[in-house]
């Protein structure tokens, strides 16, 4: 009889457990417990934050999916989750859209702290933190035999990114950045145009661009909600596609700006715009064409706080770019590097600059301006000396003729 009673009790327990989990994808041995911290998983994205809660432990605690809501908003259906029974264990999924995160009273706190950017340069860094909680409602009675459930979540967003464009012939590049403090994926574009209206994208001819050609550049962020703006912190150029190249020329860094660079918009929208004139690197002096690669360190700042991060400049002299040519990146971890081809410039040398003279030894040398000036001086001096010699000789002959007339023999006929 005892084995029969044991089998009967086991069957009753199995039926009660099955009834408790209501046929959801749960395991009685693993999930017959109250919720723990490991029962919530948070995914932080640029457009949405997703939370997955173990639904089996919620059922064991005596609640259903309709009892869980964001930040105590139990009367708002938009702040509730939905069940996914295609996973093990079954989960309740909550999704927060960052563009409307205040609708369920989620909290956004942006802190600005001193720090260094990817190149070791002192800069103000912004950190965005979005937080909230998921809970069950309080019972209407004075006491309750059910535990109250509370799940907390938080996502931190580092807002500084390195975007560089190293194949500017294609006039655009896009990158995706994944940061360690949560998953923050953003698309940044560096676009080049040949007009101030930013309507015609730049096409670089195979022969290269003439020197001093004006290029209009724009750094733009997409897939972001309206609370974020783009703030260009540091833009510079290198002769190679390596943003860590020891040789670099700064276009602008804070208030220090190249005289040929003009900033039109920065920190006021999701696009930063500036222009600069094409130049060549001296290291390419023996080449008919020079390559220039553009790189920018870009911040994302909250639209209300961008003006605090934008420097106030009052006729400051630009620092010499050579001072920073020996800087090396502090760290490139967590920053994305994109390559999109070089700006090609031509030297536009004149025939006078290319004129050469043949040497008997089949060697060639080039007449520079100093040698030309010396030769001209010698020719002028020789011509002047010859003129003085001819004048002196003429005067001497005239004097000799006059002397012969005065000292001549007296003609007896005149007697």
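Keep in mind that glycine also has a Cβ here, set from the backbone N, Cα and C atoms.
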Swiss-Prot annotation of transmembrane segment - which of the ranges 352-372, 373-393 it falls on: 373-393
Least surrounded among the disulfide-bonded residues, given as 44, 79, 104, 313, when other CB atoms within 10 Å are counted: 313
Disulfide-bonded residues: 255, 296 - member with fewest neighbouring CB atoms within 10 Å: 255
The one of 155, 235 whose CB sees the fewest other CB atoms within 10 Å, among these disulfide-bonded residues: 155
For residue 79 (disulfide bond), the one of 155, 235, 313 that lies nearest, given that the disulfide-bonded residues are compared by Cα: 155
